There are 4 protein chains.
Amino acid sequence: MSNTFGNIYKLTSYGESHGAAVGGVIDGCPAGIEIDMEFIQNELNRRRPGQSNIVTPRKEPDEVEFLSGIFEGKTTGVPIGFIIRNTNQHSSDYDNLRETYRPSHADFTYQTKYGVRDHRGGGRSSARETIARVVAGAIAKLALRSTGVQINAFTSQVGSIALPGRYTDYDLGKTEESIVRCPDPATSDKMEELIREIRKNGDTIGGIITCVAKNVPVGWGEPVFGKLHAALGGAMLSINAVKGFDYGSGFDGIPYKGSESNDVFINQDGKITTTTNRSGGIQGGISNGQDIYFRVVFKPVATILMEQETVDIHGNETVLKARGRHDACVLPRAVPIVEAMTAMTLLDYCLLAKTNH
Amino acid sequence: MSNTFGNIYKLTSYGESHGAAVGGVIDGCPAGIEIDMEFIQNELNRRRPGQSNIVTPRKEPDEVEFLSGIFEGKTTGVPIGFIIRNTNQHSSDYDNLRETYRPSHADFTYQTKYGVRDHRGGGRSSARETIARVVAGAIAKLALRSTGVQINAFTSQVGSIALPGRYTDYDLGKTEESIVRCPDPATSDKMEELIREIRKNGDTIGGIITCVAKNVPVGWGEPVFGKLHAALGGAMLSINAVKGFDYGSGFDGIPYKGSESNDVFINQDGKITTTTNRSGGIQGGISNGQDIYFRVVFKPVATILMEQETVDIHGNETVLKARGRHDACVLPRAVPIVEAMTAMTLLDYCLLAKTNH
Amino acid sequence: MSNTFGNIYKLTSYGESHGAAVGGVIDGCPAGIEIDMEFIQNELNRRRPGQSNIVTPRKEPDEVEFLSGIFEGKTTGVPIGFIIRNTNQHSSDYDNLRETYRPSHADFTYQTKYGVRDHRGGGRSSARETIARVVAGAIAKLALRSTGVQINAFTSQVGSIALPGRYTDYDLGKTEESIVRCPDPATSDKMEELIREIRKNGDTIGGIITCVAKNVPVGWGEPVFGKLHAALGGAMLSINAVKGFDYGSGFDGIPYKGSESNDVFINQDGKITTTTNRSGGIQGGISNGQDIYFRVVFKPVATILMEQETVDIHGNETVLKARGRHDACVLPRAVPIVEAMTAMTLLDYCLLAKTNH
Amino acid sequence: MSNTFGNIYKLTSYGESHGAAVGGVIDGCPAGIEIDMEFIQNELNRRRPGQSNIVTPRKEPDEVEFLSGIFEGKTTGVPIGFIIRNTNQHSSDYDNLRETYRPSHADFTYQTKYGVRDHRGGGRSSARETIARVVAGAIAKLALRSTGVQINAFTSQVGSIALPGRYTDYDLGKTEESIVRCPDPATSDKMEELIREIRKNGDTIGGIITCVAKNVPVGWGEPVFGKLHAALGGAMLSINAVKGFDYGSGFDGIPYKGSESNDVFINQDGKITTTTNRSGGIQGGISNGQDIYFRVVFKPVATILMEQETVDIHGNETVLKARGRHDACVLPRAVPIVEAMTAMTLLDYCLLAKTNH
């Protein structure tokens, strides 16, 4: 439910922003997967604060220690426990938040729901929790290697600056060359400029991350409640600050009629494929062999370095001004998180599909 | 997983379009809920084919029989089995589909995944499956009555015709007066006209359903993977033909900065509330007491009464023209389904919240 | 949880003794399994009342109708809904129980837990619920056919009359020739005689059912909480009237030392096997290729045709004498239920094992 | 499934005997529970090796570090991550086991199932895994404090030496005064003597642990598959070396007729209770307010310090003699594990019962 993700390949995560550590347990990972530690650490580095001069300057190494489930470099089929120590908390930056509800944060809802909360750095509601997702996603990517599945996410919009073309127009291999993680250099430059300006003012900005999964075989996904896109959508919406999701033609397809929207099947050299892919690679909740692509909307980060009116836990009105080190735009760091959730979902459904026969 | 929805209040559904029946089992329903049979049948009637002259003219009574779990008019806490017999199948309308893959339908993916499929009327992939959701949603609404929660969905866009205002501009109580289920009579008329025209041409059209849940108490929702909006989004995306979901400011909030997006807390007569509601009633994945609102995108129905090129299961190219009775626009009939999934999700999280202390 | 059994192959059951029907939904059944209707009905007949003159003379045909998930004689991978109508209820036999708590029945606990109960025939707590298990177990047996797994349960003890030998001493193929379902004719006769005598006095008697599963491949079972014998034990203890479970050497092995209890591995014609099988075919929670065998203890049925003191729902003392048609010993009819739960558990773990790689 | 226990209060555990650590994540713990660190460590000490001179002399401090979910001494409702570092592994003691299958251990089944295994100290199949259970059980005990539930397990039989009376004949508060954890000093002495003798010979011995839960309110437990005793039985059978379980009259009740077995209800000062408790405090799978009591059978530990014949992974016959430090009888150290699993199960069902209304 709340802190476990997946049906067969399952991540259970724990950890608060300013507690001792964040981490998790991966259960159901297939045995015999080679663990490429460098790859996993690199995925963490893509999410890490301080990786470029447009993200928060916090310096956290975010080094993962694996505690179980790996023997002589391979997974053994038993749970993989892992831990990432929190090392750079400035908890005193948050002393003023012990009794104050930050606007559009989870302080008020946690306090009311549980009657108690760890106020430091947002506690459990902090995006620091996503470290566990990146670790489990990295291992899922390793487990998917033998299937040929390729997952690429990238920043496709920041504020009003959007990539002008479709994902097929760009070389997604170039995404990592951009500190914004946008594969088009010209658009990337504009996005970077916008983020710098927003940041200078102590403000924040959101946008869209697009994700593409290629080479997914036909047959992953479960009918009815476990549709592949429902699982992907639920996964994306569980990431901090996400406000929307669509796949295939999505919101943009609304003006078009059925006759303009259907994907025609053809026989291409003995393989059944479609001439268009408005379905986004999923039909009836099951992958159809075409590219799976979807969009994820991120709101601007709620923490701004400006004065805001609010109330405290006693209901007294007060004025808040955030201190500390924050992101003006989370999208560059969220790209690996979107990929991680995608990898976990796809691996989970890959394993489920093995039980169909 | 695939055919069960929910954590505590759980629906497991079964049934194909042209099989003997559709139905389900509701497990985890609280004891002592009064079962208002008229209300439940009315919810089914809102989803039923043949209810107006803009939807499919199929005539199916869709009468539910409860088989267990209700004694002398009240739920007893044990599972509620129910069945709706299929009575008006014209299976011969589908004989030509035994070996043909309909474009943008689930025929190809089911056949490839399972190696076998019931081709009649789409089998399990038919939206006839949603009858079970409406039954379970109706009982969830009855169980939520004591909480004061009020759920209203309505058609807010059909093709390019959209409601001009926000949901707060309309009297949602008027939704049922419109056969399109749009609360604004002027827009409703335009939508109706569009649907008639589309239908005349044998084509189809999609749109948006907006849903509003009022009076949800603070504290429903689980952190991290079980965020309330992630559950709602996954639920909506599991409905046939849904391609997208957003909540609160959603896709429309992208151009705005953090300083323009945050909801300021105030003390209103001793109750903590917010001056705006761009959060859509959910913060950190937990309800904050404000209106929960979200949008659900439906693609145009894939079945069109026009010739389409496709292939058969042997890979031979062929031309398909659908027969039978179909909807030109599913949104009017999908409104109660959106409400049903919302009711089930909210009840589930209401029950989960009882375990927090 | 309460009314769903299994992880991949899942049965969700519903139905009360005197409601409209009992039934269930099987989710996760592999596609392409041939449905042998005669076999399934025969399994139900083995559980049916009135099958011999030592069981309750109630006459219920217990005919199953499948509602979905089967097309042209094969499973399609989607949920299998099924229903068995209740046809021979004498609900008036139970009018006196509306306000009375029967000793050692579930009346008092259900009433206190839920605040409401269907008192007729025990409602949901009636063993009539096990019909759904037998149906799902029969399909599990069909799905297991290709693995070669063979499941045989039999009555090994009634009251103080026990089979003198071990299961390997008897031809388990003879079990069905005995109305007690004991494979040894001499012991069967004594058990039958005892049951007749007990029954004449309006009393009841319990005993032990032993179950053997042969040809289970090495590797079914999950470490730690999902150990194969833990799943089997939990499954057996969920059957009405069951009070105990052991496997392998079980309770009888307590006097023996480790050096007398271990099973020595040997290489038998290139296959690793053990010289003894005190482990009961399971080591570390995982099948080791030897016979899996276990025992299930049934208490005497609580319903006796004798006067008993008790209280009513108001706390008033009263005297109860059961009416109606009851079993003096449930073991003969419970044999197919034990087999059904075993088959479901083994199939579930067979499917889970497919996800290990 | 395999490494997660519970429905609402859930433990996911990880860790191998000779890996870096063992630990787990507790999800679903109610908020606001005061964490008594001394109590938790004491529970671990009861399970710890080296605690007396009849158990293995390994010296491991087994100190738990909590990583999340606790703030200023109280649970916050979010997951509680914890870790216990492995500090005293003599992995070289196991070098000879890399390719050898120990009799009645899990080496062969793990190797065959997963194709790879951590051979050191039994890896994941080691009882060292139960540390995580004791931590989660200790917190469950703390959470249950407000309900008044009292859980006491004790050693009731070692080999053929059994407590002569029923649990009601002894002062269970004296259990901890005995290093065998038997509340009767005379029997305890005999058991201790037997264990010393067995140990001197390098052999091992099993027995029975009895567990009693007092003050459980009426209404915990779910009908059908989630019966309280089925959950308890499954929990106990998931503990290493457990071979059997019964509750209430259990195996010993088989000779008795229904008229001798039923528990008569009476009105005792306005409270409905029973004159006897052969039901073991559970009727229809739901607690009835009487003492819950059950027995758990442990086989002798498979590791003996004597020569045993076996085979290696290549199928070659070989002779094995265990080295290292081992228990001659695990029961004294298993008592807190039985209590822990009982506490977790009861808390889980306590929380589930909150959703019935």
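Each Cβ is built from the backbone N, Cα and C atoms, and glycine gets one as well.
According to TrEMBL:
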BINDING   C:Arg47  NADP(+) binding site
BINDING   C:Arg124, C:Ser125, C:Ser126, C:Asn240, C:Ala241, C:Gly284, C:Lys299, C:Pro300, C:Val301, C:Ala302, C:Thr303, C:Arg325  FMN binding site
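Shown on the structure are the features that TrEMBL records.
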residue	record	DSSP (3 states)
C:Arg47	NADP(+) binding site	helix
C:Arg124	FMN binding site	helix
C:Ala241	FMN binding site	coil
C:Lys299	FMN binding site	coil
Under 8 Å by Cβ from C:Ser126 (FMN binding site), counting only residues of that chain that are 6 or more apart: C:Glu16, C:Ser17, C:Asn240
With the fewest other Cβ atoms within 10 Å, the residue among the binding-site residues C:Ala241, C:Val301 is C:Ala241
Residue pair C:Ala241 (FMN binding site), the residue listed as 'NADP(+) binding site' - Cα distance, angstrom, rounded: 15
Counting every protein chain present, what is the number of Cβ atoms, excluding its own, within 10 Å of the Cβ of C:Arg47 (NADP(+) binding site)? 25
Report, in sequence order, every one of the binding-site residues (C:Ser126, C:Lys299, C:Thr303) having a CB within less than 8 angstroms of a CB belonging to chain B; if no such residue exists, report 'none'. none
Pairwise Cα distance for C:Thr303 (FMN binding site)/C:Arg47 (NADP(+) binding site) [Å, integer]: 19
Among C:Arg124, C:Lys299, the binding-site residues in question, whose Cβ has the most other Cβ atoms within 10 Å in this structure? C:Arg124
To the nearest whole angstrom, state the Cα distance for the pair C:Arg47 (NADP(+) binding site) and C:Val301 (FMN binding site). 16
Around C:Thr303 (FMN binding site), how many other CB atoms lie within 10 A of its CB? 24
Subset of C:Arg47, C:Arg124, C:Ser126, C:Ala241, C:Lys299 (binding-site residues) with C-beta under 8 Å from chain D: C:Arg124, C:Lys299
For the FMN site made of C:Arg124, C:Ser125, C:Ser126, C:Asn240, C:Ala241, C:Gly284, C:Lys299, C:Pro300, C:Val301, C:Ala302, C:Thr303, C:Arg325, how many Å separate the two farthest Cα atoms? 45
